[in-house]
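Working notes, structure below.
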Amino acid sequence: MTQTYNADAIEVLTGLEPVRRRPGMYTDTTRPNHLGQEVIDNSVDEALAGHAKRVDVILHADQSLEVIDDGRGMPVDIHPEEGVPAVELILCRLHAGGKFSNKNYQFSGGLHGVGISVVNALSKRVEVNVRRDGQVYNIAFENGEKVQDLQVVGTCGKRNTGTSVHFWPDETFFDSPRFSVSRLTHVLKAKAVLCPGVEITFKDEINNTEQRWCYQDGLNDYLAEAVNGLPTLPEKPFIGNFAGDTEAVDWALLWLPEGGELLTESYVNLIPTMQGGTHVNGLRQGLLDAMREFCEYRNILPRGVKLSAEDIWDRCAYVLSVKMQDPQFAGQTKERLSSRQCAAFVSGVVKDAFILWLNQNVQAAELLAEMAISSAQRRMRAAKKVVRKKLTSGPALPGKLADCTAQDLNRTELFLVEGDSAGGSAKQARDREYQAIMPLKGKILNTWEVSSDEVLASQEVHDISVAIGIDPDSDDLSQLRYGKICILADADSDGLHIATLLCALFVKHFRALVKHGHVYVALPPLYRIDLGKEVYYALTEEEKEGVLEQLKRKKGKPNVQRFKGLGEMNPMQLRETTLDPNTRRLVQLTIDDEDDQRTDAMMDMLLAKKRSEDRRNWLQEKGDMAEIEV
């Protein structure tokens, strides 16, 4: 059936409808924990700004969550431009909040913007009580829509201020409607650690338990508690902090020379960054630079030994907290920091502090240096045992493969790059020591239904198999030549198609690689935004709009460039955005043991030749969730 494609066919989503249509773009849909974290972050931001001393969290028996703080209370006056109470605007409008400029909060998670409105959009009901100016206000929402106007429901003392947000998550948006109590507890404890002197309580009405946290010497106490009973080097954590006008960093770290479970946690504006990011990269680089300088100054480095990041990082337990204005995250769930300037800031501060500490604590410093040197020597011995496939040993390596010189699987990376032009730029941009590049011509074969004994008939698949050193459907990874195999395709729809076909190849015929965490997908940016000497990169249209929104308060007109493909980037841009470990974005391709069958069923439906009818039905059902380039 042919439909007319004109202006009437263009749909504009307003209010909170985009969130309800595509919740996965805004939050983690596994459980409603991330919604709770958004509300908790708002209260903790009040504490971070010095306006709150207590945050109470209650998990009710009906799986609803209530967060209460003694901050200033959400504003209830009428917004001058929108003509509605500010609290209503905050709950009902994306990107409405008091944290986009730095007038109200020097540092924040950027919430009361997307965060709290997403909670409203994905909840069956939200009730907000505000204590402010001697009065108690109440407003309520259901399914993202206001069902009760803001009204005064009581009075209170003028100094009795704060906000209470009680929400009931809509189970239809989540894989499991239940909060993970352990994750909630962990987040709350971490918030208490990062806000010394602030009291945080958690009441679990389902399990009838109550917990309270209040740390006076936050990071130090937390790390010491986590490694209690284990031999540590040094005995007391190496702690430090530094605050500038727009950035601040606090850390506590130590090493476990005899092994043990490592505490490795990082935060940005008190938001946990589970996947690390540029701040963690900066910490690692700062420690490495300082240790290298100390070893060279003391002349204790054996000839031929060069320390690398993993030598100093291997047994390091740390808690890192960074506060900064306008943090950039990889995705709305804020699990990985991508602000490039943060790596240099943290690295410089940590290097200076660690060099000073090493020279003031020479005995402990020499033990640390000895541990790092031993690690480097073990790594180098192990690398010598790895026999690389040469022309005289096994199949000849593909001629288009630009190999690396390192042999350590902990460092080596192979990038499968879409297109010869991008492959040429990538070869110039790479670090030749540990990064290998292999360009691919066009779209590879859909191998989902091809048997393992026939799949090597495809030249591209054959070259990939020879380059990585693994045969299709083999569980033997002893001849693996690279620790990371990274798929690097354009950010447009064609590139996504190629990335999908490569993912299918690895899931179907090289599953052992996926199971052991060796396969990654690189996320090149779609946009570059320039304002003066500042450069920003955006992965999606939403990220681009977010950056432009932040740049509105700066002088000058930003210039936006859309990359049509990787080949348009010069080597320096390609290195910064997709190859440099400190600034790139990589997503690991993973399959949980429990999801094996579900993954195979989904891939079969998407890629099998005889499943076109199933694909059509699936598109009719899920098509409104797709992001389509026109």
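Using the three backbone atoms N, Cα and C, a Cβ is placed for every residue, glycine included.
Residues or ranges marked as ATP binding site by Swiss-Prot on the basis of a curator's inference: Tyr5, Asn42, Asp69, Gly110, Leu111, His112, Gly113, Val114, Gly115, Ile116, Lys334. Counting every protein chain shown, 28 other Cβ atoms lie within 10 Å of the Cβ of Gly115 (ATP binding site).
Per Swiss-Prot, the feature domain 'Toprim' maps to 412-525.
Positions annotated as Mg(2+) 1 binding site by Swiss-Prot: Glu418, Asp490. According to its DSSP assignment, Asp490 (Mg(2+) 1 binding site) is coil. Cβ contacts within 10 Å of Asp490 (Mg(2+) 1 binding site), excluding its own Cβ and spanning all protein chains shown: 22.
What Swiss-Prot records for Lys443 (among others) is site 'Interaction with DNA', and it gives sequence analysis as the kind of evidence. DSSP assigns Lys443 (site 'Interaction with DNA') to coil, not to a helix or a strand.
The Cβ of Asn446 (site 'Interaction with DNA') lies under 8 Å from the Cβ of Leu501, Ala504, Leu607, each of which sits 6+ residues away along the same chain. What Swiss-Prot records for Asn446 (among others) is site 'Interaction with DNA'.
Positions annotated as Mg(2+) 2 binding site by Swiss-Prot: Asp490, Asp492.
Just so you know, the Cβ of His497 (site 'Interaction with DNA') picks up 14 other Cβ atoms within 10 Å once every protein chain is counted. Feature annotation from Swiss-Prot assigns site 'Interaction with DNA' to His497 (among others).
Other Cβ atoms within 10 Å of the Cβ of Arg615 (site 'Interaction with DNA'), summed over all protein chains shown, number 13. According to its DSSP assignment, Arg615 (site 'Interaction with DNA') is helical. If you look up Swiss-Prot, you'll see Arg615 (among others) marked as site 'Interaction with DNA', on the strength of sequence analysis.
Sequence-distant contacts of Asp69 (ATP binding site), defined as residues of its own chain at least six apart whose C-beta falls under 8 angstroms from its C-beta, comprise Ser43, Glu46, Ala47, Ala52, Arg54, Val55, Asp56, Gly162, Thr163, Ser164. Counting residues of the domain 'Toprim' (412-525) by DSSP class, helix then strand then coil, yields 45 helix, 21 strand, 48 coil. Sparsest Cβ environment among the binding-site residues Glu418, Asp492 (other Cβ atoms counted within 10 Å): Asp492. Residue environment of Lys443 (site 'Interaction with DNA') contains 15 other Cβ atoms, counted within 10 Å of its Cβ in all protein chains. For Asp492 (Mg(2+) 2 binding site) paired with Glu418 (Mg(2+) 1 binding site), the C-alpha to C-alpha distance reads 12 Å. The recorded positions near Glu418 (Mg(2+) 1 binding site), taking a 10 angstroms Cα-Cα threshold over the set Gly115, His497, Arg615, amount to none. Among the recorded positions Gly115, Lys443, Arg615, the ones whose Cα sits within 10 Å of the Cα of His497 (site 'Interaction with DNA') are Lys443. Of all the recorded positions in the record (Lys443, Asp490, Arg615), the one with the smallest CA separation from Gly115 (ATP binding site) is Asp490.
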